Amino acid sequence: MLDRFLPEFDRALRAVAGITRASRPNPADAIVAPTDDGAKLSDTERRHAAGLMRVNHVGEVCAQALYQGQALFARDPAIRAQLDEAAREEEDHLAWCAQRLQELHDRPSLLNPLWYAGAFAIGALAGRLGDKISLGFVAETERQVEHHLDGHLDRLPEHDARSRAIVAQMRDDEVRHGDNARAAGGIDLPEPVRQAMRLASRIMTTAAYRI
């Protein structure tokens, strides 16, 4: 267990501190250069876009924590490898959101350590309950994240092409993660659990938009 805990602890520190590096190119770089669309945003639009991207950044901090907690207690090595691979892609999302926040002259959430700790505890609990439940938790989480990102694509300023490109790629990745979890044997979670997850998500997104 210790040989897995130490690398995960290092990853946790990097996620909370925002010291992450993407393994894939930022999808926004294929759309428009960083300085090109900033002038098109009013100050109100910039603050709104930054609030949404801060929420997305928090979501990726939580995703890192959830996957790390689940992988730590996964019983099947193949499931652990699947969770680790998804976490690496989520780390790309984390780096892209952090870069976009810098471009929008804003900052990540001040509550990131709290978000991470809570999400890790939930992920560890899901992992301890068994791989099928853990995968079901992944599938339901990604389904809710997909819905959340669709909403952000509707709410982002129309001409904020860079944020839109990042969110669109994140959405595609989340859909795939959810499909993979279901294909690997994830079970449907009870409705009260799904409702509790939605409530927790609303609390997080409301706070992260501002703080």
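The first residue you see is number 1, and the count goes up from there.
For all residues, glycine too, the Cβ spot is worked out from N, Cα and C.
The Fe cation 1 binding site annotation in Swiss-Prot covers GLU60, GLU90, HIS93, GLU174. The Cβ of GLU90 (Fe cation 1 binding site) lies under 8 Å from the Cβ of GLU60, ALA63, GLN64, TYR67, ASP173, each of these being in the same chain and 6 or more residues away along the sequence.
In the three-state DSSP scheme, GLU90 (Fe cation 1 binding site) falls into the helix class. Taken from Swiss-Prot, the feature Fe cation 2 binding site covers GLU90, GLU142, GLU174, HIS177.
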Counting only residues outside GLU60, GLU90, HIS93, GLU174 in the same chain, those with C-beta within 8 angstroms of the Fe cation 1 site's C-beta centroid are GLY59, ALA63, GLU89, GLU91, ASP92, LEU94, VAL145, MET170, ASP173
Those same-chain residues, other than GLU90, GLU142, GLU174, HIS177, found with Cβ within 8 Å of the centroid of the Fe cation 2-site Cβ atoms are ALA63, ALA86, GLU89, VAL138, THR141, VAL145, ASP173, VAL175, ARG176, GLY178
Cα-Cα, HIS177 (Fe cation 2 binding site) versus HIS93 (Fe cation 1 binding site), nearest Å, comes out at 13
